[in-house]
Ligand code: KIV
Ligand code: ZN
């Protein structure tokens, strides 16, 4: 049976980054971009260059670095946005622009306040303008699924004539159903006379939990490109989870005759990197990559799996790169073996960073018998993040007193970015609050805790603790993460990491501005 190749368009760094509370700096975005390249996505949308200086710099850095994947950036249908996108993307191996304008009555009337004729004119003019520079232009009809199909057919024919090479019909508000979305693409293919000159793309949001099913319905109706994000992150309920689309097509290749170019065994690593950097952890029962996706709890299931894994397991963990995560390196492991392991994650460290990582690994082996891949990965990611701050707050020491009959009190000693050591003590309703109150007293910036999470890395009573916080720093939301053997130390590290990430942003670029679309 011959399989048709479906292109994967990853928008984790653009639509995914629009998730509430997510803010990645440009080096974190580059780290994700490199992993997406290893995963084998065909196209990655690195950001929205005109939306902020930070986005511009990140898109440019990614376009200049990534060579095996086509890099694109989003733009509104204005000359300014297109020019800015060109400046960011001109160094890419294959500069590609993603232009969008809304086509639904509700968006045209209330948001854009322009007529359908003006929407056609603006789209055609800006596709022609962009064509002077970009060889590849994707044009998206925002809110396509609530647009009039005849209007869509009319505008699509014109933007193809103007030079668009890909037509994307997004389900912007996650409103459509598989049958309806499939019919819409069928209608467009039947009605638009020049449709064979372009590729069709789908882009689904998950408000009704149908983003993946809708994407596959689109593929069954002639769409050759699927857009989405890893872990399904994105605004509101998120986007179609690309790992689910790719694995569904693979596992049901008896039914669907499509495949993707994704290296499926890079899925778990991609998912882990993105959840660690964004702070958006996937739920345990998430399809494909959730912690429980391969766990069998009931006795009947366990018995069946022991007799033959296929009784209850349609996907093997190995297919998506989930290893058994058993003992990997221990007390006696050498620098060489450690370096090989770090390289196998696909993460590049400088000699100094590697030295520091090895030292922390050795410290960990003093307390933890079984050091897993996850532990090493956590150490390495922490070092990469810390390395970005030129000057930063550093925790020198801390002590927390807690007892049911006493008032929780934390004493913290902290080194400021200017190299001064400060110390004070504060109380709180619990240990973490006492610690955070003390830190916030010592730190100059205006701080407010917005969110706090604590997880264990892997299992076992000696597992590393990983904390994730969201802080408002001088009114700007910033994520921070930290790990340590102890939960309070991990919590303190996460808090300081959010402050330090804010400082890094201030050192390089202005914060993300809100863009009016
Ligand atoms: O959901 C959407 O409509 C989008 C467009 C910008 C393509 O993300
Ligand atoms: Zn979207």
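Cβ from N, Cα, C; glycine included.
Note: TrEMBL annotation is automatic and uncurated.
Binding of Mn(2+) is attributed by TrEMBL to 15, 203, 205, and the same site annotation extends, among 25, 221, 231, 239, to 239. Here the region 'Regulatory domain' (394-517) has, by DSSP, the following mix of helix, strand and coil residues: 34 helix, 52 strand, 38 coil. The Mn(2+) site is set by 15, 203, 205, 239; from the centre of their CB atoms, other residues of the chain with a CB within 8 Å are 11, 170, 171, 172, 204, 211, 227, 228, 229, 234, 235, 238, 240. Annotation note: residue 239 (Mn(2+) binding site) sits in a strand segment as assigned by DSSP. Taken residue by residue with DSSP, residue 15 (Mn(2+) binding site) is part of neither helix nor strand, so it is coil. Summary for the binding-site residues 15, 205, 239: the Cβ-based neighbour count within 10 Å is maximal at 239. Look at residue 203 (Mn(2+) binding site): DSSP puts it in a strand.
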